[in-house]
Amino acid sequence: MDVRRRSEKPAYPTKEFAAGEKPLKPHKQQQEQDNSLLIASDALPLPLYLTNGLFFTMFFSVMYYLLSRWREKIRNSTPLHVVTFSELVAIASLIASVIYLLGFFGIGFVQSFVSRDNNDECWDEEDENDEQFLLEEDSRRGPATTLGCTAVPPPPALQIVPMVPPQPSKVAAMSEKPAPLVTPAASEEDEEIIKSVVQGKMPSYSLESKLGDCKRAASIRKEALQRITGKSLEGLPLEGFDYESILGQCCEMPIGYVQIPVGIAGPLLLDGREYSVPMATTEGCLVASTNRGCKAIYASGGATSVLLRDGMTRAPCVRFGTAKRAAELKFFVEDPVKFETLAAVFNQSSRFARLQRIQCAIAGKNLYMRFVCSTGDAMGMNMVSKGVQNVLDYLQNEYPDMDVIGISGNFCSDKKPAAVNWIEGRGKSVVCEAIITEEVVKKVLKTEVAALVELNMLKNLTGSAMAGALGGFNAHASNIVSAVYIATGQDPAQNIESSHCITMMEAVNDGKDLHVSVTMPSIEVGTVGGGTQLASQSACLNLLGVKGANREVPGSNARLLATIVAGSVLAGELSLMSAISAGQLVKSHMKYNRSTKDVTKASS
């Protein structure tokens, strides 16, 4: 089959084609006529510098004349709508000059963009139609009379060569950019959008709203990012995720998702019930170690937990002119009668929010009010913030000189290690304990009770005190908290205060058995809202039996999840401390937490 070689596309569309080239098809003839755009200056025979100067002079002189007349009328108390003939002429001249200037500069400016976009679209349409024309022409034996064109033989100098797929340029090969991540059916349209994003014509954040397809928007954004940075994102998966589920609530401008393996530790026997604990982590040996701790707890009869407090906090900062006025508001807020009024205002924000107390602190003329409230099965940051805003609006009427500096004054304290959380608690305060028998300590944990007690005192208590730890009197509570948080859709940043933990170990029953406990004053979890509604995280919550909100006892699912977190931390602490006590830490990590391939490379 003979295939014609298409001549190279000129830099800009032209009105005529050189002799020997293929004739224009009817739709291209109309397209060439449309490309002959008029500009505003074509209607005037005078040189542009004369007409421009004339109308610029007319505009400014007439404007000055009208403003002067306007000022005189104001001084003489003359009605502005009474105009003379000269003023009518001036107004007409002003309108004429404005029309000319807008027509010349405004239309020309717009046409410069419109014509450029139209030309680009014309060339894209021409490329597509040319390829289709060549394929249709090759499939016919007779001349192409059905297209309304006269068959013109190719020029003698034009060689007949087979068409081959375009090869990637050397620059593209060096940058190792993958092919555009678009579907064949929409490749041309998506390619134009990708170019617009790369060139900065279309904001990347607006793709979802303009396309109406979240997955397609993520695909286009990912390809545009590869072209902008020159870095390959081939290993970042795009398929297999519901991007509609994160729109407007979990993540902005997505380009894919990160895969984190999820392991199962357990069964964890806690308060008479068994739980298989999902842990999302990339640290080898972590799940295995926690699983061993669960085994030791199970073999010893299980663990028990107690919920001490349940209240999310938010602490706005307000300022007064004097410290005395700040103290007056402090006394007002702490008054039991006034508190009932503030609680009623606060509780209007949600049917689950219930204000429990307000803790105040003064720094000069600044007052920090730490609101504590229950939030049902939600983690509750948005809920408590909304309630605090209602109270601030109410107090603004009572204290008009109160200046609200910010709805969060860091006396909360969120996503930061703070003594106020360690002492007063934030979220769920839980203590979890278990008695591990001597037999289990020796057979499962491979250590001795006395060795564990001594190590805990010197490491978790004395060592942490020497380091000036704030809530870090434990071995690795953060490891377990982070893994469970990621698996169940919690806020990973709140791992900071949620990992506040003190681990205690004592010998009981005449020194034969081990009493171990973890006290965690600020576990911040929820079973509704945020990442808990995503498919994978929702499945992990369902595995624990705490998916969604509990309709019968609001808040019970979130409280149960907090106790499961504490029980998992107890298992992790027990296993790691045993490994350190028995001298097995390095051996186990070299076996489970380090690649054999990496060890070989390091030794060679």
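Cβ coordinates are placed from backbone N, Cα and C, and glycine is handled just like the others.
As written in Swiss-Prot, here are the features:
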type: ACT_SITE; residues: Glu283; note: active site, charge relay system
type: ACT_SITE; residues: Lys415; note: active site, charge relay system
type: ACT_SITE; residues: Asp491; note: active site, charge relay system
type: ACT_SITE; residues: His589; note: active site, proton donor
type: CARBOHYD; residues: Asn347; note: N-linked glycosylation site
type: CARBOHYD; residues: Asn460; note: N-linked glycosylation site
type: CARBOHYD; residues: Asn593; note: N-linked glycosylation site
type: REGION; residues: 1-31; note: region 'Disordered'
type: REGION; residues: 190-604; note: region 'Catalytic'
type: TRANSMEM; residues: 40-62; note: transmembrane segment
type: TRANSMEM; residues: 90-110; note: transmembrane segment
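Shown here: features listed in Swiss-Prot, placed on the structure.
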residue: Glu283; record: active site, charge relay system; DSSP (3 states): coil
residue: Asn347; record: N-linked glycosylation site; DSSP (3 states): helix
residue: Lys415; record: active site, charge relay system; DSSP (3 states): coil
residue: Asn460; record: N-linked glycosylation site; DSSP (3 states): helix
residue: Asp491; record: active site, charge relay system; DSSP (3 states): coil
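Ranked by Cβ neighbours within 10 A across all protein chains shown, the active-site residues Glu283, Asp491 are led by Asp491. For the region 'Catalytic' (190-604), the predicted model reports an average pLDDT of 95. For Lys415 (active site, charge relay system), the nearest of the recorded positions Glu283, Asn347, Asn460, Asp491 in terms of C-alpha separation is Asp491. Just so you know, of the glycosylation sites Asn347, Asn460, the Cβ with the fewest other Cβ atoms around it within 10 Å is the one at Asn347. Per Cα geometry, Glu283 is the residue among the recorded positions Glu283, Asn347, Asp491 nearest to Asn460 (N-linked glycosylation site).
For Lys415 (active site, charge relay system), the Cβ neighbour count at a 10 Å cut-off comes to 16, with all displayed protein chains included. In this structure the C-alpha atoms belonging to Asp491 (active site, charge relay system) and Asn347 (N-linked glycosylation site) are separated by 25 Å. Rounded to a whole value, the Cα-Cα separation of Glu283 (active site, charge relay system) and Asn347 (N-linked glycosylation site) is 43 Å.
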